[in-house]
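The structure appears right after this line, and notes come after that.
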Amino acid sequence: MYEYLTGLVTVVAPQYIVVDVNGVGYKLLVANPYRYQEDRTKKVQVYVYQAVREDNISLFGFTDQNEKNLFMQLINVSGIGPKSALAILANPDHQGLVDAITNNNVSYLTKFPGIGKKTASQIVLDLRDKLTNESSSSLFATTQLTVDATVNRELKDALEALAALGYKERDIKKVQKALMKEEQMATDEYLRQALRLLN
(Lines of atoms letter the chains of each structure in order from A and count residues from 1; the text may use other names and numbers.)
(Lines give C-alpha, C1' and ligand atoms only; values in the text may rest on other atoms or scores of the structure.)
Protein backbone atom coordinates (compact mmCIF):
# COMPACT_ATOMS: atom_id res chain seq x y z
CA MET A 1 0.00 0.00 0.00
CA TYR A 2 1.40 3.39 -1.00
CA GLU A 3 1.21 6.31 1.44
CA TYR A 4 2.63 9.01 -0.84
CA LEU A 5 4.81 9.49 -3.92
CA THR A 6 7.49 12.13 -4.39
CA GLY A 7 8.61 13.03 -7.89
CA LEU A 8 8.19 15.29 -10.90
CA VAL A 9 4.81 15.86 -12.55
CA THR A 10 5.35 15.00 -16.22
CA VAL A 11 1.74 14.96 -17.47
CA VAL A 12 -1.25 17.10 -16.49
CA ALA A 13 -4.51 15.90 -18.08
CA PRO A 14 -8.16 16.83 -17.41
CA GLN A 15 -8.66 13.94 -14.94
CA TYR A 16 -5.20 12.81 -13.89
CA ILE A 17 -1.52 13.57 -13.52
CA VAL A 18 1.56 11.41 -14.06
CA VAL A 19 4.28 11.58 -11.42
CA ASP A 20 7.75 10.35 -12.41
CA VAL A 21 9.42 8.64 -9.45
CA ASN A 22 12.94 7.50 -10.34
CA GLY A 23 12.01 6.80 -13.95
CA VAL A 24 8.66 5.14 -13.24
CA GLY A 25 5.52 7.09 -14.19
CA TYR A 26 2.55 6.74 -11.84
CA LYS A 27 -0.86 7.75 -13.18
CA LEU A 28 -2.84 9.38 -10.37
CA LEU A 29 -6.51 10.34 -10.62
CA VAL A 30 -6.81 13.68 -8.81
CA ALA A 31 -9.58 16.14 -7.99
CA ASN A 32 -8.01 19.14 -9.71
CA PRO A 33 -5.07 18.19 -11.95
CA TYR A 34 -4.33 21.76 -13.02
CA ARG A 35 -3.15 22.75 -9.54
CA TYR A 36 0.01 20.79 -10.44
CA GLN A 37 0.64 22.87 -13.57
CA GLU A 38 2.30 25.80 -11.80
CA ASP A 39 5.89 24.56 -11.57
CA ARG A 40 6.72 21.19 -13.06
CA THR A 41 10.47 21.56 -12.47
CA LYS A 42 10.11 20.96 -8.71
CA LYS A 43 9.36 17.66 -7.04
CA VAL A 44 5.94 17.29 -5.46
CA GLN A 45 4.67 14.99 -2.75
CA VAL A 46 1.29 13.47 -3.53
CA TYR A 47 -0.60 11.36 -1.01
CA VAL A 48 -2.01 8.20 -2.55
CA TYR A 49 -4.92 5.80 -2.19
CA GLN A 50 -4.85 2.52 -4.15
CA ALA A 51 -8.26 1.19 -5.24
CA VAL A 52 -8.23 -2.48 -6.24
CA ARG A 53 -11.03 -4.13 -8.18
CA GLU A 54 -11.17 -7.43 -10.04
CA ASP A 55 -10.65 -5.76 -13.40
CA ASN A 56 -8.76 -2.61 -12.44
CA ILE A 57 -6.19 -1.08 -10.08
CA SER A 58 -6.30 2.71 -9.80
CA LEU A 59 -4.24 5.23 -7.87
CA PHE A 60 -5.91 8.36 -6.49
CA GLY A 61 -3.78 11.36 -5.53
CA PHE A 62 -4.24 14.11 -2.92
CA THR A 63 -2.42 17.33 -2.11
CA ASP A 64 -2.17 16.58 1.60
CA GLN A 65 -3.18 14.17 4.34
CA ASN A 66 -6.32 16.16 5.18
CA GLU A 67 -7.69 15.82 1.65
CA LYS A 68 -6.91 12.10 1.70
CA ASN A 69 -8.61 11.68 5.08
CA LEU A 70 -11.75 13.38 3.79
CA PHE A 71 -11.69 11.12 0.72
CA MET A 72 -11.38 8.04 2.95
CA GLN A 73 -14.37 9.18 4.99
CA LEU A 74 -16.45 9.68 1.85
CA ILE A 75 -15.74 6.27 0.30
CA ASN A 76 -16.89 4.59 3.50
CA VAL A 77 -20.38 5.96 2.86
CA SER A 78 -22.77 3.51 1.21
CA GLY A 79 -23.22 4.47 -2.45
CA ILE A 80 -20.03 6.56 -2.70
CA GLY A 81 -17.18 5.06 -4.71
CA PRO A 82 -13.67 6.49 -5.23
CA LYS A 83 -14.60 8.40 -8.41
CA SER A 84 -17.71 9.91 -6.81
CA ALA A 85 -15.65 10.97 -3.79
CA LEU A 86 -13.06 12.54 -6.09
CA ALA A 87 -15.80 14.44 -7.95
CA ILE A 88 -16.99 15.86 -4.63
CA LEU A 89 -13.45 16.92 -3.71
CA ALA A 90 -13.05 18.69 -7.08
CA ASN A 91 -14.85 21.60 -5.43
CA PRO A 92 -11.96 23.42 -3.72
CA ASP A 93 -14.20 24.53 -0.83
CA HIS A 94 -13.53 21.54 1.43
CA GLN A 95 -14.46 23.60 4.48
CA GLY A 96 -17.88 24.21 2.94
CA LEU A 97 -18.26 20.47 2.37
CA VAL A 98 -17.40 19.65 5.99
CA ASP A 99 -19.72 22.39 7.25
CA ALA A 100 -22.56 21.08 5.08
CA ILE A 101 -22.16 17.59 6.51
CA THR A 102 -21.92 18.70 10.14
CA ASN A 103 -24.85 21.11 9.72
CA ASN A 104 -27.09 18.57 7.97
CA ASN A 105 -27.21 20.68 4.78
CA VAL A 106 -28.44 18.02 2.35
CA SER A 107 -29.26 20.50 -0.44
CA TYR A 108 -25.60 21.63 -0.57
CA LEU A 109 -24.47 18.05 -1.13
CA THR A 110 -26.95 17.37 -3.95
CA LYS A 111 -25.17 19.91 -6.18
CA PHE A 112 -22.34 17.42 -6.73
CA PRO A 113 -22.51 15.16 -9.84
CA GLY A 114 -24.34 11.90 -9.20
CA ILE A 115 -25.33 12.81 -5.62
CA GLY A 116 -29.09 12.65 -5.11
CA LYS A 117 -31.04 13.48 -1.98
CA LYS A 118 -30.89 9.89 -0.69
CA THR A 119 -27.11 9.65 -1.04
CA ALA A 120 -26.63 13.14 0.39
CA SER A 121 -28.70 12.16 3.44
CA GLN A 122 -26.58 9.02 3.81
CA ILE A 123 -23.39 11.11 3.75
CA VAL A 124 -24.72 13.28 6.56
CA LEU A 125 -25.94 10.27 8.56
CA ASP A 126 -22.62 8.41 8.27
CA LEU A 127 -20.15 11.28 8.62
CA ARG A 128 -21.72 13.99 10.77
CA ASP A 129 -20.44 12.48 14.02
CA LYS A 130 -17.17 11.19 12.57
CA LEU A 131 -15.82 14.50 11.34
CA THR A 132 -13.69 15.77 14.19
CA ASN A 133 -13.03 19.38 15.13
CA GLU A 134 -9.60 18.98 13.57
CA SER A 135 -10.94 17.87 10.18
CA SER A 136 -13.53 20.64 10.12
CA SER A 137 -11.07 23.39 11.04
CA SER A 138 -9.47 26.03 8.86
CA LEU A 139 -7.14 23.34 7.50
CA PHE A 140 -9.69 23.08 4.69
CA ALA A 141 -9.94 26.83 4.14
CA THR A 142 -9.34 27.99 0.58
CA THR A 143 -10.04 30.95 -1.65
CA GLN A 144 -13.77 31.25 -2.34
CA LEU A 145 -14.12 32.05 -6.01
CA THR A 146 -17.28 33.23 -7.74
CA VAL A 147 -16.96 32.95 -11.51
CA ASP A 148 -19.20 34.90 -13.91
CA ALA A 149 -21.72 32.65 -15.68
CA THR A 150 -20.50 33.92 -19.08
CA VAL A 151 -17.04 32.40 -18.56
CA ASN A 152 -16.45 29.27 -20.66
CA ARG A 153 -15.83 25.92 -18.97
CA GLU A 154 -12.12 25.76 -19.80
CA LEU A 155 -11.42 29.20 -18.34
CA LYS A 156 -13.58 28.45 -15.30
CA ASP A 157 -11.54 25.30 -14.59
CA ALA A 158 -8.30 27.27 -14.92
CA LEU A 159 -9.54 29.98 -12.54
CA GLU A 160 -10.61 27.36 -10.00
CA ALA A 161 -7.16 25.79 -10.29
CA LEU A 162 -5.62 29.17 -9.41
CA ALA A 163 -7.85 29.32 -6.33
CA ALA A 164 -6.72 25.82 -5.36
CA LEU A 165 -3.10 26.99 -5.71
CA GLY A 166 -3.81 29.69 -3.13
CA TYR A 167 -4.05 32.82 -5.28
CA LYS A 168 -6.29 35.60 -3.93
CA GLU A 169 -9.65 36.26 -5.59
CA ARG A 170 -8.73 39.86 -6.49
CA ASP A 171 -5.66 38.61 -8.39
CA ILE A 172 -7.67 35.90 -10.12
CA LYS A 173 -10.31 38.44 -11.20
CA LYS A 174 -7.61 40.60 -12.82
CA VAL A 175 -6.31 37.60 -14.74
CA GLN A 176 -9.86 36.63 -15.73
CA LYS A 177 -10.43 40.00 -17.39
CA ALA A 178 -7.23 39.65 -19.41
CA LEU A 179 -7.93 36.05 -20.45
CA MET A 180 -11.51 36.77 -21.53
CA LYS A 181 -10.06 39.04 -24.22
CA GLU A 182 -8.10 36.11 -25.68
CA GLU A 183 -9.40 33.51 -28.12
CA GLN A 184 -10.78 30.41 -26.41
CA MET A 185 -8.08 27.96 -25.30
CA ALA A 186 -7.78 24.62 -23.53
CA THR A 187 -7.72 24.73 -19.73
CA ASP A 188 -3.98 24.04 -19.44
CA GLU A 189 -3.23 26.84 -21.93
CA TYR A 190 -5.40 29.25 -19.93
CA LEU A 191 -3.56 28.21 -16.78
CA ARG A 192 -0.10 28.67 -18.28
CA GLN A 193 -1.07 32.12 -19.54
CA ALA A 194 -2.58 33.02 -16.14
CA LEU A 195 0.57 31.98 -14.29
CA ARG A 196 2.68 34.11 -16.64
CA LEU A 197 0.44 37.11 -15.90
CA LEU A 198 0.57 36.51 -12.15
CA ASN A 199 4.32 36.08 -12.08
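Glycine is treated like the rest: Cβ placed from N, Cα and C.
For 1-63, the entry in Swiss-Prot reads region 'Domain I', with the evidence type sequence analysis. Per Swiss-Prot, the feature region 'Domain II' maps to 64-142; the stated evidence is sequence analysis. The region 'Flexible linker' annotation in Swiss-Prot covers 143-149, and the record cites sequence analysis as its basis. If you look up Swiss-Prot, you'll see 150-199 marked as region 'Domain III'.
In the region 'Domain III' (150-199), helix, strand and coil residues by DSSP number 36 helix, 0 strand, 14 coil. Confidence annotation: the region 'Domain I' (1-63) carries a mean pLDDT of 90 in the model.
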